[in-house]
Amino acid sequence: MNWMKRQRLIGYVFIGPNLIGMTVFMLIPALFSFYLMFTDWVFASGQPPRFIGLDNFRMMVRDDLFAVSVKNTLLVLIPVPISIMLGFLIAVMLNNRTYFQKTLRAFFFAPYFTSGIAIAFVWMVLFQPTNGPINAFLRSVGISEPPLWFASPDTAMYAVLVMMTAGGIGYNMIIYLAALQELSSEQLEAARIDGATFGQLLRQIIFPLVSPTTLFLTITGFIGSIKGFGMIYAITQGGPANSTTVFSIFAYKKAFSFYEMGYASAVSWTMFLIILFITLIQWAGQKKWVHY
Amino acid sequence: MDAIKDRKIRKVREQLTKSFNTILMALASLLLLSPMIWMISTSFKKAIDVFTYPIQWIPTDPVWTNHIKVWTTGDGFAMFYLNSLKISLVLMIGAPLLAAFAAYGFSRIPFKGRDAVFLLYLCLMMIPQQVLFVPKFIMFDWMNIYNTHWALILPGLFTVFGVFMIRQFFMSIPHEISEAAFIDGAGHFRIFFQLFLPLSKPVLATFAIIDFTWTWNDYENALIFLLDKRLFTVPLGMQNFMLEAGVDYNMMMAAATAGVVPLLIVFFLGQKYIIQGFSSSAVKG
């Protein structure tokens, strides 16, 4: 008994510092925000929080920004499967089908590793509508009126999608490559001797073998996309005309432009529910295509 | 004879395919790298050369003035840099140590309530940052650390991801090693500091590098919790600089280059750890 008590004490000494930090900076804020979402509290208004039940959610559903940000949040899911597919193809190539594998791997991974606010601004200039390199190229191949990209509400989201697709490929490639390197070469060799074409080999052998990795990448990719904020917000602030306002920007604006803390909490927990919902759908759907 | 010939033909064909694939992949990687290459080349251009077409990948008349201006004008890019370095370095050392300490408790000391706490960690990991921004903003205001670097450093010290990653590694260390040390009379603290920490240098280094890049790129926390320009980190200072630069695209690219280059240096120095770290965190996690 004494030994068990001692063991328990030592255990808490080890996890204690981290546990205290987690409690202060994650658990308490999470509970606090859970409470706030049922109140109408506005920061620095001088009024104490008033309990209003689910009113914030009723207000949110009627908010114009809600519909826009749901639509945009669904749009930013598109780059995920595209960059997963491209990452997969590149990984298959870099797994014993090219020379200079390590150098190429570094080349593909570097854009992901360095992506951030700085690179977002590079994209903004590349997409500059009048003289930017992308539109200059489009004009030179005969498109006389290329899209205005970030400058127009109709096309800003497309520019965001291009930027996100390019940013995700390197990460997906590196994860697939690690998975491929753990496969036994026998299965792959057998298929090659049977005279399977490269396409058949990809679809029928390699892809099923790495399907757990694909599941991991789609789940984490969707979560990352839904949470994505910085690269979009830094260059567009959700505009023009709210055309790039995704859910995280919606929540941010309500909190830090309008200081409607109760309402903003409701918006951010809705975002959590969307993430949970999309993750659960994928988890349930995995039986159909994931082979362990 | 024919068999040998066949094998030779097949080998040549294989080499040809491999060469073709290499060229194809090299071109694809260049396409992905092109924004970064354009950024660097434009940072050395004069304003008038920025948008010339066909694109000047190597500036015909390179100048250093953009870089010099970025570092020396009043906006204090050097200051943003020092702020970022300070925060990133503190977290790069502090976060792995604190995570390792907890990871030892979670993996090597069986005690009542441990698994419940671990389950709580799993749940916390699912909550998006956005949920926590509002309450943290209010709490930091009460704690008087809003608009100080503490608002970034203190929460950054505690990571769920780090605990998971290091715990995973600790669980792979054979129990015989620590049992032998127990028999020699060592306690948990000695075993942790003298045995586990030295053994886990690679995983600690990997996590430290990943954590450094996160902190270096962290824009959201800085945006929400910092107000004074002299406290700004590189991402926030960069945004500030870009908005002020307006249409000075060559200056903007010099600033972007200044933001990306440290990451590139970290990447090429720690490539082995980084690639291993990113891949193992996914495959084994």
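Heads up, residue numbers simply count up from 1 along the chain you see.
Just so it is clear, glycine is given a Cβ too, placed from its N, Cα and C backbone atoms.
According to TrEMBL, the feature domain 'ABC transmembrane type-1' maps to B:81-270.
Under the heading transmembrane segment, TrEMBL lists B:20-40 (among others).
Outside the transmembrane segment (B:87-106) by six or more residues, the chain places 114, 117-118, 149, 152-153, 156-159, 162-163, 165-167, 169-170, 188, 192, 196-197, 200, 204, 207-209, 211-212, 215-216, 233 with a CB less than 8 A from a CB of the stretch. According to TrEMBL, the feature transmembrane segment maps to B:87-106 (among others).
Annotation comment: TrEMBL describes B:118-138 (among others) as transmembrane segment. Remote same-chain partners of the transmembrane segment (B:118-138), defined as residues 6 or more beyond its termini with a Cβ less than 8 Å from a stretch Cβ, comprise 106, 146, 151, 155, 160-161, 163-164, 220, 224-225.
Here TrEMBL flags B:150-170 (among others) as transmembrane segment.
The transmembrane segment annotation in TrEMBL covers B:191-210 (among others).
Sequence-distant contacts of the transmembrane segment (B:251-270), counting only residues of its own chain at least 6 positions beyond either end whose CB sits under 8 Å from a CB of the stretch, comprise 36, 38-40, 42-43, 66-67, 69-71, 77, 81, 205, 209, 212-213, 216-217, 234-235, 238, 241-242, 245. Residues annotated as transmembrane segment in TrEMBL: B:251-270 (among others).
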Same-chain residues at least 6 beyond the ends of the transmembrane segment (B:191-210) whose Cβ lies under 8 Å from its Cβ atoms: 92-93, 95-96, 99-101, 104, 108, 162, 165-166, 169-170, 173, 177-178, 181-182, 266, 270, 273-274, 276-278, 280-281
Tertiary contacts of the transmembrane segment (B:20-40) (same chain, 6+ residues out, Cβ under 8 Å): 55, 57, 253, 256-257, 260
